[in-house]
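S.K.: If you scroll down you'll find the structure; I have some questions about it.
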Amino acid sequence: MSSNKKPMVLVILDGYGHREEQQDNAILNAKTPVMDRLWQQQPHQLIAASGLDVGLPDGQMGNSEVGHVNLGAGRIVYQDLTRLDKEIKEGDFFANPTLTAAVDKAVQAGKAVHIMGLLSPGGVHSHEDHILAMIELASQRGAKAVYLHAFLDGRDTPPRSAEASLQRFSDAFAKLGTGRIASLIGRYYAMDRDNRWDRVQLAYDLLTQAKGDYVTDNAVGALQAAYERGENDEFVKPTVLQAAGEAKAELHDGDALIFMNFRADRARQIVRSFVNADFDGFPRAKIINFGDFVMLTEYAADIKAPCAYPPASLSNTFGEWLMKHDKTQLRISETEKYAHVTFFFNGGVEEPFTGEDRVLINSPKVATYDLQPEMSAAELTDKLLAAIASGKYDAIICNYPNGDMVGHTGVYDAAVKAVETLDNCIAQVVEAVKAVDGQLLITADHGNAEQMRDPATGQAHTAHTSLPVPLIYIGKPASAVNGGKLSDIAPTMLALMGMEIPQEMTGKPLFIVE
């Protein structure tokens, strides 16, 4: 293998959006001499990373999964959110064979239909409209015992915003005359993705045993009590909802459980705890023999459970195209974004392509990343620099999670520190790429840290934004072609590498080498 390759390096600064106003802008107010200089001196532009430009509904903020799928595919990929909205609107959702079979089986056996998911209008991991449609589907097909286990958001939505959703669903159940909200828990516990199994166990025990820190008879009241304890939506402790004289709504053998999240990365752990016979993340006090356990979308190829909406396969993504041309590639990130530069960037393909190496750096084990805004950036940079210098790779894809993960905490000073950490890392990466006569693209998958307070509510802004993101090129003399979006990045890299662009990629190169 050649040992003097000049790599095409893509650095994705997660959650690093562009916003002109300084107020509450951790990116603009941070000391970033390196990025400032690159923006002034190198070919650059702003590119779209949200809404219709990435296959989401118009105006919908971008997110990491969607961003990386578009980055790697080189075409606009219509997302699960858009697809499900369309299915519900046109009525096809209510005839989905996997969903209807699970409900019918439970109804015929006199069993309950349990629905779990992130109860949120955020549209990143789920949408509450889909959960409502599922409740309606179950009711239409004769289910009497319909139980909603609500995971609360406060991360892709304002930190204390769940009341409207809980009231909406309390009213919906009352109107249907069947079913109820059975439990509440913050997504911090139910949707962990970093192998913190003690968190997931709390959600598992809540659903399987109706075991919670609190028991009350009213969802909105339970939320208010959580706020009084100092818990925002994301961190609401396990709460059982049970009125006087009502039976507990825990899972029983033969029940159906339908998981209404459509995004995979934060769904996998809790699903494995329910369905994997050899699960060993924590001791399960009670193992459920489900009538059916249904995933809304495919969370991982190795999870053996029915899937209502299997993925549409993407051919000739950036990674696959490199493999077909005998090129070598590296994917590298921390735990928090490792799935994004591998599984999502490869269009939902779990296994590495031939010639694709992967490096995983452990994210620090802290409760929230404002406590360590540097995260593992120093170690990640060291490994990246070594890979660039090695001469082994034609292309390197790297994600720095700091802007997004610290942005999600809503802690402004920590976000500033995260951005300043990134600037120092970028300085080293630029020098390393220049030293081997390589090429470098710096961009982001969506915004976050540029808006740390919500001007409308005055609360911390913990969600993503729908703002554009920067794109900077360092390498050969070149000029920018404006009007770009994330799906233009893969064709841009291929063009800069002197490679043909596959016909499946409808994106356009954004830099013309002079």
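Backbone N, Cα and C define each Cβ position, glycine as well.
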S.K.: From the candidates Lys31, Lys324, Lys327, Lys337, give the one listed by Swiss-Prot for the same substrate site as His125, Arg155, Asp156, Arg187, Arg193, Arg263, Ala264, Asp265, Arg266.
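M.R.: The candidate from Lys31, Lys324, Lys327, Lys337 that Swiss-Prot ties to substrate along with His125, Arg155, Asp156, Arg187, Arg193, Arg263, Ala264, Asp265, Arg266 is Lys337.
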S.K.: Since Swiss-Prot lists Asp14, Asp445, His446 for Mn(2+) 2, which candidate among Ser64, Ser479, Ser487 does it give for that site as well?
M.R.: Ser64
S.K.: With an 8 Å cut-off on Cβ distance to the Asp14, Ser64, Asp445, His446 Cβ center, who else from the chain surrounds the Mn(2+) 2 site?
M.R.: Ile12, Gly15, Ala49, Gly62, Asn63, Gly67, His68, Lys337, His340, Asn399, Asp404, Ala444, Asn448, His464
S.K.: Between Arg193 (substrate binding site) and His408 (Mn(2+) 1 binding site), what is the CA-CA distance rounded to a whole number of Å?
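M.R.: About 15 Å separates the two Cα atoms.
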S.K.: I need the least crowded one of these binding-site residues (Asp404, Asp445), counting other C-beta atoms within 10 angstroms of each C-beta.
M.R.: Asp404
S.K.: Taking the Cβ of Arg193 (substrate binding site) as the centre, how many other Cβ atoms fall within a 10 Å radius?
M.R.: 17
S.K.: Given the recorded positions Ser64, His408, Asp445, His464, find the one whose Cα is closest in space to the Cα of Arg266 (substrate binding site).
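M.R.: Closest by Cα: Ser64.
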S.K.: Setting Asp404, His408, His464 aside, what same-chain residues sit with their Cβ within 8 Å of the center of the Cβ atoms that define the Mn(2+) 1 site, listed in sequence order?
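M.R.: Other same-chain residues near the Mn(2+) 1 site: Asp14, Gly15, Asn63, Ser64, Arg155, Gly403, Met405, Gly407, His446, Asn448, Ala449, Thr462, Ala463.
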S.K.: Can you tell which of the recorded positions Asp14, Ser64, His125, Asp156, Ala264 lies nearest to Asp404 (Mn(2+) 1 binding site) in space, using Cα positions?
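M.R.: Its closest listed neighbour, by Cα, is Asp14.
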S.K.: Measuring Cα to Cα, tell me the gap between His408 (Mn(2+) 1 binding site) and Asp14 (Mn(2+) 2 binding site) in whole angstrom.
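M.R.: Spelling it out, the Cα of His408 (Mn(2+) 1 binding site) and the Cα of Asp14 (Mn(2+) 2 binding site) are 11 Å apart.
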